[in-house]
Amino acid sequence: MTTIVSVRRGNQVVIAGDGQVSLGNTVMKGNAKKVRRLYNNKVLAGFAGGTADAFTLFERFESKLEIHQGNLTRAAVELAKDWRTDRMLRKLEALLAVADETASFIITGNGDVVQPENDLIAIGSGGPFAQAAASALLDNTELSAEEIAEKALTIAGNICVFTNHNHTVEKIDY
């Protein structure tokens with residue numbers, strides 16, 4: 001799996017992820033880019049789960065963003081509807097974390113669209129570790145969203161064998 005973390009603080013939102021691709025217990029690649037900018041660089045998205053599945057979902061999500069003129073909430077809900085009802089999409093195993101300057105969501109294969117309550121998302125095998133670290137840093141430091149995301153990923157990578165220290169970080173300042 002992997003670890004993807006999204007942190008929102010002040011006028012900044014960040015999605016960051018590690019670069020490890022595993023097949024069973026074997027590391028296949030260490031520098032994968034699991035975080036991307038979409039819709040004219042106005043939306044951030046990261047994935048955890050099957051790589052091929054995630055690319056399919058990125059394409060579908062970007063298409064929904066285009067159709068709904070960058071409206072993140074509407075695009076997320078419409079992708080989740082498709083994911084839940086389309087026979088091919090239902091077989092895809094991945095989670096998406098998406099964010100823009102106004103909102104952040106987790107989109108699941110069950111058709112759920114979840115908005116976090118503390119401006120924090122963490123998904124993937126190292127997600128619980130990253131979430132705990134980021135939550136503590138949000139509550140007890142003045143670090144930026146980017147610094148918190150980096151530190152949370154580093155902590156997750158120290159604990160989770162399916163997460164490495166090769167990070168991709170994308171941010172939007174607004």
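Using N, Cα and C of the backbone, Cβ positions are placed for all residues, glycine too.
Marked as active site by Swiss-Prot on the basis of sequence analysis: THR2. Cβ neighbours within 10 Å of THR2 (active site), excluding its own Cβ and spanning all shown chains: 28.
According to Swiss-Prot, the feature Na(+) binding site maps to GLY157, CYS160, THR163. Using a 10 Å Cβ-Cβ cutoff, GLY157 (Na(+) binding site) registers 21 neighbours.
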Beyond GLY157, CYS160, THR163, what residues of that chain have CB atoms within 8 A of the centre of the Na(+) site's CB atoms?
THR3, ASP18, GLN20, SER125, GLY126, PHE129, LEU153, ALA156, ASN158, ILE159, VAL161, PHE162, ASN164, HIS165
What is the interatomic distance between the Cα atoms of GLY157 (Na(+) binding site) and THR2 (active site), given in whole Å?
9
Whole-number Å value for how far THR2 (active site) lies from CYS160 (Na(+) binding site) (Cα to Cα):
9
